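Copied from TrEMBL, the annotated features are:
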| type | residues | note |
| --- | --- | --- |
| ACT_SITE | E157 | active site, proton donor |
| ACT_SITE | E237 | active site, nucleophile |
| DOMAIN | 12-327 | domain 'Glycoside hydrolase 35 catalytic' |
| DOMAIN | 374-485 | domain 'Beta-galactosidase 1-like first all-beta' |
| DOMAIN | 511-568 | domain 'Beta-galactosidase galactose-binding' |
Amino acid sequence: RSFQLDYEKDCFRKDGAPFRYISGSIHYARVPRPAWRDRLLKMYMSGLSAVQVYIPWNYHEPLPGVYDFAGDRDVEAFLDLTAELGLLVILRPGPYICAEWEMVSPSTQTWDRGEFLSLSPAYLAAVDSWLHVLLPKIKPRLYQYGGNIISVQVENEYGSYYACDYEYLQHLLGSFRALLGSEVLLFTTDSTQAEELRCGTLQGLYATIDFGPGSNITESFGAQRQVEPKGPLVNSEYYTGWLDYWGEVHASTSSAQVAQGLEDMLQMGANVNMYMFHGGTNFAYWSGADFKDQYKPVTTSYDYDAPLSEAGDPTEKLFAIRTVISKFQPLPVGPMPPATPKYSYGRVALKKYADLLSVLDVLCPSGAIQSQFPLTFEAIKQAHGFVLYRTQLPWDVPDPTTLGSPPHSICDRGYVMLQQEYQGTLERDGLTTLRVTGRAGDTLDVLLENMGRISFGANISDFKGMLGNISLGSSLLSNWLIYPLAIDTAIKQGWPHAAQPQSSNGGTAGPAFYTGTFETPGIAWDTFVKFPGWSKGQLWINGFNLGRYWPSRGPQQTLFVPSSVLHVDRPNNITVLELEGA
């Protein structure tokens, strides 16, 4: 068994015969495990010969030396399923992946000052220890050894990163070769920009490119030919759609345009991977962010306007693509599996359980950290979610006075309470001041939310929390109590449904928990949650964190609820953390 490059005939060779792949991207971390088979089967029935798969490092190593490959994180089970269904795999194990995925946080990965993608000894030690855990799981699944992984990408669009460090790529190449053997086909992917191709490619790694349906195909492959004069033409990310950012219009790309571009590339004999074929969902806190003149957090939905929708349903775009594929290779025999059944479970009444400030003992059992000035999430080893910063007003403030933060110091949103009364929200690249009045000794609380770390470009050491000192008038506030909140831990253990309800003030402004239950009429089907009259927050059903909702900002209005999180035989518990007001 072999999978090789043929520089004479400009193609791949599989077991010696010329081979061309038509592939689609799917991210197992964005799809609940019970749905993996359905999505992969639909990809196979669309005529794809391969799937392209990212492995997110921080999904599997949440803390240095702590590994998680269980349940939804069982990448080996996912890879075995692709093999069972007759799909080849193009693997992209990073260590860096972009993918609009919540970026690795420096604290959780042992290095300081955000020394990503570099020769810093601490970073390379972390990378090497990770690769020594991951790649031995991959090696037996390589095509040469009887598996279905035909190629492995080293790094990810490294040319788009400012460092342009060949020694770093060389180090990775050495690690991949040492751990995967000399046979496996290793490659890189970069945009068609000459500068990015110069910095992202390396001798010994086959250079591929990425571009979308709007591009000039001849020019784009011309860019690949500048760095790889011979060998197969490969578009590793042909964009079927695009992602959404909070507060912007929903992105979409026409089916006709996507299908035409695909046909033109296949006509040239090119190998194509469609990014995404199925986007899925950024559950919990996994949505990342981009930086384009300003911080742009990505929505919970990663639908991507892809051929398979967020819920895994075949779209018009899928059938247009399938028709194109059928002109170049035979389609599998049989019908396309249908859309998953959906059910409308109706309205659910939620009761306010407690203000967030009244349950700090539950959410932060380890107690507060004392610090003269604020510390970042990273400094207190909190990767995701929320941290509460508390201090007291140092003097009486009888007249409205500015409470302010320097630019880029609230990362990413700060919900401000004075004497437990919600005052408003400070926002990165948005509102950075509020006017307050109060008395000496009044408690000032600022709840900081990480909305997702920047996952592309030069800004990827994206620290979270309060990065600078908040001032009242012209004076800096000091002597903070900092509470890292373990909300998910509490909810997974049955709180607050298992607890006695708190007596809380009846107001609905500011961060508070709301609970409710609903029963299914004996069927657990996929559904969606709508939030009429709610502002912004986080939703859990039966302890599963379904992600952020923010209908007031949009464009996303509903959250996808996979059937696998629902109970048929007992009530379903809903918990909502509303941050601004219901």
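In case you wondered, yes, glycine gets a Cβ from its N, Cα and C as well.
Predicted automatically and left uncurated, TrEMBL annotations should be read as such.
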On the DSSP side of things, how many residues of the domain 'Beta-galactosidase 1-like first all-beta' (374-485) fall into helix, strand and coil, could you say? 3 helix, 56 strand, 53 coil
What are the DSSP helix, strand and coil residue counts for the domain 'Beta-galactosidase galactose-binding' (511-568)? 3 helix, 27 strand, 28 coil
For the domain 'Beta-galactosidase galactose-binding' (511-568), report the average pLDDT of the model, please. 97
